[in-house]
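I'd like to ask some things about the structure below.
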């Protein structure tokens, strides 16, 4: 795991010295992403920089930027390729010789042979940039799920790319003019939806895509090489017994965990009281990792309550004989860390605090790599939304057939929205499809509230024509016919991609920790969607737990889902932590996530 930056000058209006200086500022902003090595390379109109966190092949020869044997290609890369050893063996059969044991060298040699066609063969998480010295163009690419970030900045005479938005801003070559559409997305959902960012001239390279910037400065693409939505939509019907399905799940999940353990440094585990992390911890142990260190974050406010993860996590750790570290976070520590946390947050988000503290605890133990259960709920139908949304839409279709029901429903929902303090209920009659129903469940603010948050004539025009369901649809495209598979696709391509994975990146990297997600794997998804569509709708998590040879503690299996939460309401609801926007009339008492969103929006880029 690392961070990289690049600036490509085109046309006749730029200067080479500006390019080099900008890349140094960008890498300086990303120091925590790669404390082990810093490298630069320049060739006239382009400059590349790389911050390295050494995880595979700790030798300095594996540092980046790295050149191809003939000098034509230069690569900077962030991530891990878990099947790089198989690919290396294949290249060796063609006669390629290697100077390092790194996956980076495999990438550049494979690209020299196959070009962009290689991306469908890479199993892992990655963002990369490859400069072609012959064609004088740069290629950018990102993994299928979008685990690793890659941002592109348009600086008029310069194209910029980096692992962080804040690195691009540090270049002083990209305008910080606001993108009203990106900001609207944040207020509606609690995150900025791809491909937009908070800024008009900075965009995200979409997940599973590559693009190239030509010598003339033209950006061509993005070209989609992998769409995880296709795995949900085109999965064939499964005709297998329950036992055979369990064997498929066990083999696929175990294989994914094994691949995610590839490292030349110790690997730890984030351990909650849930099935996802408990299963992964057990599988790590089954794969022969004896000295596992598991990290659980605890909060005094949750002690003895349902949200307390510690008692169940302790049982899991004891059952697998894992060294268990419980790290208690207090409100005082949160107050002390608030400035650093907001500085680390690369794009505004209402999440990520939990991962930031878990990563802090891992770093205190000397861990560079941790395994996380992120993605288990999306893959194994773990969220309440898998049952709630199909049920809601079924009921709504029945109700809508009754003459005159919509005006009555509007009246009832307006009253309920007022009394419950949740203004989203006013939009229930607009939630006629899966996209609208999903926003109704996941949304943060409503369109009518945006005029208070945004202001300005342009903002009002956007708000008046806004349908939150259309925003969700724009991120997802077509859905499978099966309702629960449709929920899985939406959860994976919206909340998982834009919030959980993005937050996991900045939160872990701020402590120089690489976070790996065995349950967020495009190959695993392809293997499991057919069987889960047939057998996972009511027992997906039991199939995941069945991947273990030794069963999880019954307390874990029977425990109601709580989520990996923090006592945010208690922390920001007490005096002593000053948050901007507290007095806004649309922020009522007790709505911690909405108050936090306002504070984040005003502080992240301050």
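Each residue, glycine too, has its Cβ placed from N, Cα and C.
Whatever TrEMBL says is automated annotation, not expert-curated.
As annotated in TrEMBL:
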ACT_SITE  2  active site, for GATase activity
DOMAIN    2-216  domain 'Glutamine amidotransferase type-2'
BINDING   103  L-glutamine binding site
BINDING   372, 373  ATP binding site
Please report the number of other Cβ atoms within 10 Å of the Cβ of residue 103 (L-glutamine binding site).
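That number is 25.
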Could you measure between residue 103 (L-glutamine binding site) and residue 2 (active site, for GATase activity) for me? Cα positions, answer in whole angstrom.
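One finds 13 Å between the Cα atoms of these residues.
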So if I measure Cβ to Cβ from residue 373 (ATP binding site) and keep only same-chain residues at least 6 apart in sequence, which ones fall under 8 Å?
270, 272, 274, 276, 277, 279, 280, 517, 519
Taking DSSP as the reference, which of helix, strand or coil describes the residue listed as 'active site, for GATase activity'?
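Assignment for the residue listed as 'active site, for GATase activity' reads strand.
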Would you kindly give the Cα-Cα distance separating residue 372 (ATP binding site) and the residue listed as 'active site, for GATase activity', rounded to the nearest Å?
18
